[in-house]
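Colleague: One structure coming up, written as structure tokens, with questions to follow.
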């Protein structure tokens, strides 16, 4: 009997403390855009309004939704896609055991019950990409949905997509995804990498990581599985993912040739692209910029080629002494992408893997090629974002952003960090968040998270949480620095709650309410401490905010301005000091 993955096998949590799922009605019937509404308590009887924030958690935090992983989550986009009249259902390619990296299918593999569904593709001669619609002046439902999430006009969304400054990754075979946008004129987004390896993890664990990451705020997921059951794992993830899903197709193609890079062929890779597009992958990382002539340049590096995809293609190029087949077949790849609206994430296969290699000739040579490929993809109206480094010290970060905008004509930048130092294994979520905040401020559209396990091992769900929260901090800091019109509202609300000692509101308004409450309660667990006008850091007598309240109250009682109150209060304290003998505390 075939196994299954059920909600009982993974940890699913309701909405974050003090929050509830709300929906904003869109311009078309049935369109409901999710938000998370954070309640606030009153201040001396005066109401504090609830704060609405961007929500990526999908239906899992809706108390009215019953989680049934084997059925997948709702498909809000399905009717939008069909009513356009430019797609057709077809039989699709046959799923083979080799897709899961085995010769014979295992009866113990939990097959998704609806794997026999018919995929969609563009009708003959049609182009179904969001960029194609946008360039033809058409505002699609996905663009209207995104406009509500971002608090902007739908026409602005259309224009940003049409001009290539933003992408809306939305494969027509992933109708479960809630539309989102990646571009420097919108909220900075965060991607979370998940996926098994040859030595670790199960399908249930990877589905759990996906739900866990989106609960904490991941805007997209990349399934980087390199072990067994790659196809089946991806099917379970996509059918239950409320956010876009990306992959690196060369990983699965390599499994199909038993892990031998030189045995890769264009035909195997092409088959893998179609397989994943039919499943609903929203964006592909494709290392088409790793050219044969660039590989020798990496020989003088400290850490050589550190990208898995980049090293696979470099090995193939050197063995055959031929140009990268991803580059030579790029136009054919574009033809596949536009049939399903899969977006390009042009991979940085020659990114620096150490501070010593940052901004070197190999890295920027590849970037020049990615700029060339961007123009080709745009000729086909295929959406493109550009992947970036890597390991870069702080003083070299801005150059990366400036070069990408210039060379790649403003296409969205998607960076891994960058890590700003190499000396902190176990803390690389911090070393990279420093760089991520900076490059986000300079214009990067999406940040790929780094977990504490980077360079050390496969992250578990707790590492995923740590990585997502760390990168949400970096992304939000970048939004503030860029002057995003709504970014400061949550900061202002939390600051007000902090000054008014509304402890629960402080917890609830934070990115990780559970962690904030846990740390507070380690020293002040009593319920009364939730209304106390101090915490354990300073205690009741030395709380700066309590002293500020006292000064304001003194000013009010004595009809003084705050500065006058401080001056008068200081004089009174000086007089009191002298009258008591001028003795210091011992």
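Cβ atoms here come from the backbone N, Cα and C positions, even for glycine.
What you see is a predicted model, and the numbers here were worked out from it, not measured in a lab.
Quick paste from Swiss-Prot:
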type     : residues                                                        : note
BINDING  : 193, 222, 251, 287, 307, 308, 309, 348, 349, 350, 351, 387, 414 : substrate binding site
BINDING  : 391, 455                                                        : Zn(2+) binding site
BINDING  : 535, 538, 543                                                   : [4Fe-4S] cluster binding site
COMPBIAS : 22-39                                                           : compositional bias 'Basic and acidic residues'
REGION   : 1-58                                                            : region 'Disordered'
Colleague: DSSP on residue 193 (substrate binding site), three-state: which is it?
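Modeller: DSSP call for residue 193 (substrate binding site): strand.
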Colleague: How many helix, strand and coil residues does the compositional bias 'Basic and acidic residues' (22-39) contain under DSSP?
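Modeller: The breakdown for the compositional bias 'Basic and acidic residues' (22-39) reads 0 helix, 11 strand, 7 coil.
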Colleague: Run through the Cβ atoms and count how many others sit within 10 Å of the one on residue 391 (Zn(2+) binding site).
Modeller: 26
Colleague: In whole Å, how far is residue 455 (Zn(2+) binding site) from residue 309 (substrate binding site) when you measure between their Cα atoms?
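Modeller: Here the two Cα atoms are 16 Å apart.
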Colleague: Take the C-alpha atoms of residue 251 (substrate binding site) and residue 455 (Zn(2+) binding site) and report the distance between them in angstrom, rounded.
Modeller: 18
Colleague: So if I draw a 10 Å sphere around the Cβ of residue 351 (substrate binding site), how many other Cβ atoms end up inside it?
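Modeller: Other Cβ atoms within 10 Å of residue 351 (substrate binding site): 27.
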Colleague: Checking the spread of the substrate site as listed (193, 222, 251, 287, 307, 308, 309, 348, 349, 350, 351, 387, 414): what is the longest Cα-Cα distance, in whole Å?
Modeller: 20
Colleague: How big is the gap, in Å, between the Cα of residue 307 (substrate binding site) and that of residue 455 (Zn(2+) binding site), rounded to a whole number?
Modeller: 12
